[in-house]
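Structure first, then comments.
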Amino acid sequence: MAFLASGAYLTHRQKVLRLYKRALRHLESWCVQRDKYRYFACLMRARFEEHKNEKDMVRATQLLKEAEEEFWYRQHPQPYIFPDSPGGTSYERYDCYKVPEWCLDDWHPSEKAMYPDYFAKREQWKKLQRESWEREVKQLQEETPPGGPLTEALPPARKEGDLPPLWWYIVTRPRERPM
């Protein structure tokens, strides 16, 4: 999985926290009854708390490695995956039913009055988008070589120091490749 490749860039604390959360999720798959799960979750928390203030980083790293190995051997063979999570049965299933943003333009003023904060921020966003559109298209045309690709492989529509365009995720790719 792509998100596991970034483990080298995590701090020790982040690695421990992620291990703890994964362990709790797998424990939830093992213990169906909530009271039983809560009891074992408290025991697991106590085991993590024992070494919370470990000052020796070599020892802390060794403890983390041992905990990762123990997790590997005790993990559930079919952990519960929430339906809307990546790998779940409904992940990205209902994206086609999401209402597009432009449909909110057709709301009656009395309907918009029920959500004044949202529509005030939305109007600011639309104004900013209209103001920056020409500048961003010009920048995109400057960065695209003549006869270059006109598909998804467009250059990034962002120069160093500029704010990211409000629409760049639709028509361009990010400047750096994600790791």
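The backbone N, Cα and C atoms fix where each Cβ goes, glycine too.
Residues or ranges marked as N-acetylalanine by Swiss-Prot: ALA2.
Marked as phosphoserine by Swiss-Prot on the basis of similarity to another entry: SER85. In the three-state DSSP reading, SER85 (phosphoserine) counts as coil. Proximity of SER85 (phosphoserine) to non-local residues of its own chain (separation of 6 or more, Cβ distance below 8 Å) is seen for TYR91, given in sequence order.
As annotated by Swiss-Prot, region 'Disordered' applies to 136-162.
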